[in-house]
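What follows is a set of notes on a single structure, which appears directly below.
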Ligand code: UDP
């Protein structure tokens with residue numbers, strides 16, 4: 001029942017981009033990690049993404065058995081994410097053209113990521129006669145229910161598009177039970193159509209290591225108290241919550257000032273607070289510019305070094321469908337203080353591998369961060385459990401579960417085909 005070759009649609013962002021800036025984040029990591037493993041388990045993968053530079057080759061190999069196809073659809077540069085719906089037809093035409101160059105049955109499954117790709121997946125499902133599996137990653141209705149100040153609501157066109165994809169997909173993949181409930185309750189998905197599959201973490205890259213060595217690599221003193229934020233700089237991710245809480249910690253414990261280091265790692269994404277200069281100005285206004293350091297996005301070992309160097313990683317997001325950063329930090333043996341939203345209560349085990357905070361009040365965040373900073377016993381207890389908690393999530397397990405969902409999608413597809421034949 002395993003597909004021989006899956007077409008994976010990732011229209012709005014390429015798995016070859018560096019995550020942590022712009023539109024590249026957890027979804028890119030998810031697609032690249034699962035594609036590699038699908039290929040290792042016998043399913044070839046071709047990832048279709050929109051070409052964002054004329055320098056890109058039409059085809060690139062991401063890993064053995066995994067191709068990235070850069071489809072020309074609209075201008076290479078300068079196309080805002082909000083303008084992407086205008087390029088769905090061009091992207092679909094490009095994907096259909098690639099398939100038409102092969103023997104019929106070249107792809108035996110489509111897996112679309114994010115609603116824009118879902119729209120194209122819907123068409124490919126019809127044309128190629130293969131099952132469609134869709135992963136939303138985030139949902140417009142859910143996002144609009146938890147907007148940060150300064151955030152622009154998701155447009156109606158997205159919500160309508162998502163509803164259509166939920167209607168048309170054979171299987172929907174949710175990261176957590178919470179997301180599955182959102183799909184069922186807010187989007188009328190059939191419970192049998194939803195597979196809950198937790199994402200994973202690269203347990204070879206994100207491993208515990210020497211804090212002292214990691215700090216030396218970042219030019220951070222060995223005896224510093226290090227709080228860090230890792231991710232795209234945008235209002236929804238709320239790095240401002242960490243800055244305000246750090247200022248409050250210093251107000252409560254002025255003696256910390258000589259040792260406190262706040263690292264903000266990531267690049268701009270979206271519009272508004274996303275400009276790192278706005279955050280820098282906020283640090284100045286809060287009187288903590290001397291303790292805050294902004295670092296550009298980084299990959300692999302360089303990123304693991306940040307997690308290892310930190311006493312605590314803060315994930316203060318207003319919404320998060322899962323929160324891979326939280327898992328990666330814990331895999332490096334670093335406890336996480338996270339907002340109790342979206343998938344974060346799954347990614348972080350409260351009072352075992354980190355702390356969950358209700359809401360985004362500065363005092364509550366200063367309390368949680370202060371508890372770990374001032375109570376080494378508690379910090380060590382959570383740190384000791386962190387890697388074990390993260391090890392429950394692996395990309396191999398995610399991929400095996402995806403293959404089960406693909407098999408289920410085939411059954412659902414055949415059942416729908418039979419119903420359509422009867423009613424035709
Ligand atoms: N990331 C990275 N380099 C950075 C910052 C982030 O590679 O400098 C990656 C990080 O490792 C994680 C992803 O970006 O895998 C962010 O995923 P998450 O689920 O936390 O948030 P999203 O960006 O999907 O909203």
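Glycine is no exception: its Cβ is also placed from the backbone N, Cα and C atoms.
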Given TrEMBL lists 307, 308, 310 for Mg(2+), the same-site residue among 334, 352: 334
1D-myo-inositol 3-phosphate binding, same site as 23, 24, 25, 26, 27, 28, 81, 114, 138, 158 - TrEMBL member from 12, 106: 12
Distance-selected binding-site residues near ligand 1 (C-beta under 6 Å), from 24, 26, 310: 26
Across the domain 'Glycosyltransferase subfamily 4-like N-terminal' (25-200), average pLDDT on the 0 to 100 scale: 96
DSSP-assigned states of the region 'Disordered' (1-22) in counts, ordered helix, strand, coil: 0 helix, 6 strand, 16 coil
Which binding-site residues sit within 10 Å of residue 307 (Mg(2+) binding site) - Cα, from 24, 298, 328: 328
